[in-house]
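What TrEMBL says about this one:
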type	residues	note
TRANSMEM	12-37	transmembrane segment
TRANSMEM	58-80	transmembrane segment
TRANSMEM	110-131	transmembrane segment
TRANSMEM	143-165	transmembrane segment
TRANSMEM	228-247	transmembrane segment
TRANSMEM	267-285	transmembrane segment
TRANSMEM	297-316	transmembrane segment
TRANSMEM	367-396	transmembrane segment
Amino acid sequence: MKAIKSTHGYEFGGPVGVFFLIIALPVVAFGSVLFCNSKSCSSLEVPSLPPLWGRKGAFFDVGHLIVAGWIVLQVIIYLLPVGKVVQGRPLADGKALDYRVNGNKTVVDWITITGFLALLLSLALFAACISFKVDVSSVYDSFIGIITATFCLSVVIAVIVYVMACVQKTGLSPGGNTGNIIYDFFMGHQLNPRWGKFDFKFFFEVRPGLIGWVMIDFCMAAEEYEKYGALSNAMILVCIFHFVYVADCLFYEPAILSTMDIIEEGFGFMLAFGDICWVPVMYSLQARYLVDYPVALSWLATTSIVILFVIGYVIFRGSNSQKDRFRACPLSEEFKDKETIMTASGKRLLVSGWWGLVRHPNYLGDIIMAFAWTFPCGFSHVLPYFYPVHLIILLVHRELRDERNNRRKYGKSWHEYCRRVPYRIIPKIF
């Protein structure tokens, strides 16, 4: 594989911007516990340090053992010779990599696939811990240690893949091949770093962080039950919604191979920290909040929230599935009468169905679901709403990057698509 030179300018404010993010993102992760814990939950007050923070070894405790054991378990499952091997989409250098993924055709596939197998085995492990009265609530008590461990691991992984890229000098990422060490370290110097058959990006993108997010939710539910003798309906909703979201991702695992993260983003600190630390720590914020501030929802509120989530999920799954089917076979009977735009490269752009309403209907569904699993936290504190606000900022920024890339890739065809589909994410608004 030949090296790919950078073809566009800096993202995220360049070296200065990414240096700030390397410092700020871990601070936010630790701050989520510092500003919202059993003592207080406010972003406007000077936080009182929980007893854990003043204790020797607070940052390096059993949380490190939990994270280490979890990563080892997921690596073992990942390396099992099950599932089917598929070829990813061609990368910037024209090479397509092989991946072992979910077959998702029969019930048997569900049991022998990699993603779902990891989820099922993780659920079985959690059930066994409950059955044998293992104190899973220690995840709540050791959360600072878990944040520390996942942060340290993400830094180590980012350093390893950066050094690998510098040594191998192949498969370099166009966006992380600028010559600036800090920027390339953050963006990812190599597109798909691999050690033998172990693909760093694909593994961390879907396994330990996503499944760990659900496991943390369940551990928080166990802590709430131990603390109050019952589970709140708010906690039940949050856990179910998060589980459905992660299970959906793993069931449609092959679709991940066509995402921007896999095809265009290098694997550096940004994705390593995001996958290993940010996702399980920050995305489980609602469940963690409900342990200290339980909410009892009325039946009307519960029903309304469930309906909202279903609407978001239908939009999210419907649009993603339509996109995947169109990419796989744009000339199929399903799209025979659908409106499309032909590009100079011979590729077609879909201008019908979900993709005729807005340019990114999947982003809209994602945002709706984010609010649906935050509303169970009520409105007493603003911090649980960090996730949907963060997601909006993330997706708007990603949409702007998509827009720039698509203009460069499709030229006049993309301008025509934008003319016919004027709204980006929210109809009539944005």
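Every residue gets a Cβ built from N, Cα and C, even glycine.
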(message) Looking only at the recorded stretches 58-80, 228-247, 267-285, 297-316, 367-396, which one has the largest tally of CB-CB distances under 8 Å to the transmembrane segment (143-165)?
(response) 267-285
(message) Restricting to CB pairs under 8 Å, which listed stretch, 58-80, 267-285, 297-316, is in contact most with the transmembrane segment (367-396)?
(response) 297-316
(request) With a Cβ cut-off under 8 Å, give me the same-chain residues at least six positions beyond the ends of the transmembrane segment (228-247) that come close to it. (result) 116, 119, 210-211, 213-214, 217-218, 220-221, 283-284, 286-287, 290, 294-297, 302, 305-306, 309, 313, 369, 372-373, 376-378
(message) Counting only residues 6 or more past its boundaries, what in the same chain has a CB within less than 8 Å of a CB in the transmembrane segment (12-37)?
(response) 43, 47, 49-50, 53, 143-144, 147, 151, 180, 182-183, 186-187, 269-270, 273, 277-278, 281-282, 285, 288-289, 292, 381, 383-384, 386
(request) Could you give the residue numbers and ranges of same-chain residues that sit at least 6 residues beyond the transmembrane segment (267-285) on either side and whose C-beta is under 8 angstroms from one of its C-beta atoms? (result) 18, 21-22, 25-26, 28-29, 32, 36, 143, 146-147, 150-151, 153-155, 157-158, 161-162, 173, 176, 184-193, 200-201, 204-205, 208-210, 212-213, 216-217, 220, 242, 261, 383-384, 386-387, 390
